[in-house]
Every structure is written in C-alpha cells, then in structure tokens.
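Visitor: Pasting a structure below so you can have a look.
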Amino acid sequence: KEGYIVNHSTGCKYECYKLGDNDYCLRECKLQYGKGAGGYCYAFGCWCTHLYEQAVVWPLPKKTCN
C-alpha cells in the first residue's frame, strides 16, 4: 500500500518542498508506519511506500484539512 501521510488531528497531508528524495518525508513515514516504510516528496506532500494494508493515509473520512 502507498499514500500520503496524514496528520490525524487536522486531516492535512504532511507538506514538503524538496521534491523527490526527502529526508523529512522518509523519517516521518518510518515514524508513523514503521521502519519498513519508505517515503519521498510528491506533489508537495510526503508520499509513503511499503505500508501495511490497514495503514491510514490521506484523506481521512469526514475530516477535511483546515
């Protein structure tokens, strides 16, 4: 599974500005989804890879980013 890492309290994606390989995104993906996860910056959001099937990613149901 893949997807954008999401802030559970705001419903927003984690923003990033350095597209492609991004240490911040990689670190945040591993913190939230485990050491097997990968991550990079795609379309100014942190995109996480190698997630378990039940991983919660953006968008959250009934929670818009505000």
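Glycine residues also receive a Cβ, built from the backbone N, Cα and C atoms like all the rest.
Since the structure is predicted, the reported quantities are computational estimates derived from the model, not experimental observations.
Annotations for this protein, taken from Swiss-Prot, read as follows:
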- Cys12-Cys65: disulfide bond (DISULFID)
- Cys16-Cys41: disulfide bond (DISULFID)
- Cys25-Cys46: disulfide bond (DISULFID)
- Cys29-Cys48: disulfide bond (DISULFID)
- 1-66: domain 'LCN-type CS-alpha/beta' (DOMAIN)
Visitor: Near Cys16 (disulfide bond), meaning Cα within 10 Å, which of Cys25, Cys46, Cys48 (disulfide-bonded residues)?
Guide: Cys25, Cys46
Visitor: May I have the DSSP-based helix, strand and coil counts for the residues of the domain 'LCN-type CS-alpha/beta' (1-66)?
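Guide: Counts, helix then strand then coil: 11 helix, 19 strand, 36 coil.
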Visitor: Work out how many Å separate Cys46 (disulfide bond) and Cys12 (disulfide bond) at their Cα atoms, rounded off.
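Guide: Distance between the two Cα atoms comes out at 11 Å.
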Visitor: In whole Å, how far does the CA atom of Cys65 (disulfide bond) lie from that of Cys48 (disulfide bond)?
Guide: 19
Visitor: For Cys12 (disulfide bond), what is the tally of other C-beta atoms lying within 10 angstroms of its C-beta?
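Guide: Looking across every protein chain shown, the total is 18.
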Visitor: Taking Cα atoms as reference points, rank the disulfide-bonded residues Cys12, Cys25, Cys29, Cys48 by distance from Cys41 (disulfide bond) and give the first.
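Guide: So, spelling it out, the nearest of the disulfide-bonded residues is Cys25.
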Visitor: Whole-number Å distance between the CA of Cys25 (disulfide bond) and the CA of Cys48 (disulfide bond)?
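Guide: Here the two Cα atoms are 8 Å apart.
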Visitor: Over the domain 'LCN-type CS-alpha/beta' (1-66), what does the predicted model average in pLDDT?
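Guide: Averaging the confidence scores along the domain 'LCN-type CS-alpha/beta' (1-66) gives 96.
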Visitor: If you count Cβ atoms within 10 Å of the Cβ of Cys29 (disulfide bond), leaving out that atom itself, what do you get?
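Guide: The answer is 28.
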